[in-house]
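Presented below is the structure to which this report refers.
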Amino acid sequence: MMETMLDIKALEGQYSSGIYAKRDLVITRGSGALLYDEQGSEYIDCVGGQGTANVGHCQPTVIAAIQEQIQKLMICPEMFHNPTRAQFQARLCGLVPGMQRAYLCNSGTEAVEAAIKFARYSTGRPGIVAAMRGFHGRTLGSLSATWNKKYRDGFEPLVPGFSHVPYDNLEKLQEAVNDSTAAVLLEVVQGEGGVYPGSAEFLQGAQEICRQRGALLIIDEVQTGFGRTGQMFAFQHHGLQPDLVAMGKSIAAGIPMGAVLLGERVTQLSPGVHGSTFGGNPVACAAGLAVLDLLEGQQLPQRAARLGKALMDEIAALNLPAVREVRGKGLMIGIETRGKVAGLLGALAEKGVLALPAGLTVIRLLPPLVISGEQLQTVKQALIEVLSA
Ligand SMILES: *Cc1c(COP(=O)(O)O)cnc(C)c1O
């Protein structure tokens, strides 16, 4: 080891952009649902790479797929055909009946940007209706759809044409969607906003309003996709047929990738309408194929449904005084506390459990879906201890 831990922290403290609130940990290795710091201490990872590690860290089959591809070809712009990409696009479309094509990019925010452009292109209309508390990314288009001032302040003027309605309020949505609306853009479970699952009535109603008014329905599955909530995609809990589905995070096990699925109501896109240099690169596609094999072969969405429900029921049944509400879907879990969570996250880390916040008062758990029942019990014990302290 050339650098000591102190050197590493000092180096990043000095040279990294400064836009991340750092935790006092140097993470060097991961395996399944576990992370290790450079001294070898082990942590159960309920940050899950910010929701990118649904199949677990460093899965051998993902590593093998990447290695095999990287020795053949690392980059291949979409102007050329490529067998790995062709397979991946077909597999991705095959996950959702009615999906015709897949656009590939490199992150969640890029997927949302593309979906917004495709909706405007397809309808010839400018308007995008999104939800309060919604999060869709931080580049200027997706930031315009993101609601919270903490992300927007200081960056205005944002893109014109965006409006926000209260989540889960069908009347307000009804009022907001009109004949200049290109699309309604929604999460099925609001993630960054505090882990709020939408109701079936709201989401199905939103789809109906879109159909009636000639607008498209864009579902942002960046955080909820790839098994997280107990279905491959969260909209499948409610039988929705979105027109555009934005994906990212766990799509390629941590290799940067985003995607948009395009349904039947999206106009055929012509060459040059949009594009991405790295989009559809074969290494990410190889990782994505290995992810789909794991999710399907090990029935990880079903596992997330089972384990997540059990953990939520168990925590709720404890009636801990510090807990206001436990909510979520599958292994996307929010624990709303009566106080601020920043200190609680530090206390959890000291007990070997890494977790995320969602806003100021919610502890958010996004563990890899391969997490064992025993590991989840350790998480539960740690939560009980810090929430009872
Ligand atoms: C994380 C997230 C994004 C943005 O993804 P990035 O890869 O960070 O750009 C967009 N939408 C939702 C719902 C997310 O959770």
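Using N, Cα and C of the backbone, Cβ positions are placed for all residues, glycine too.
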Annotated companion of GLY108, THR109, ASP220, GLU221, VAL222, GLN223, THR277 at the pyridoxal 5'-phosphate site, TrEMBL, chosen from PHE80, PHE135, PHE155 = PHE135
Query = Closest of the recorded positions to VAL222 (pyridoxal 5'-phosphate binding site), Cα to Cα, picking from ARG138, LYS249, SER276?
reply = LYS249
GLN223 (pyridoxal 5'-phosphate binding site): tally of other CB atoms within 10 A of its CB = 28
Inquiry  = Of the recorded positions ARG138, LYS249, SER276, which one has its Cα closest to the Cα of THR109 (pyridoxal 5'-phosphate binding site)?
reply    = ARG138
Remark   = Long-range Cβ list for PHE135 (pyridoxal 5'-phosphate binding site), cut-off under 8 Å, min separation 6+ in sequence, same chain only, gives THR146, TRP147, ASN148, TYR151, GLU187, GLN190, GLY191, GLU192, GLY193
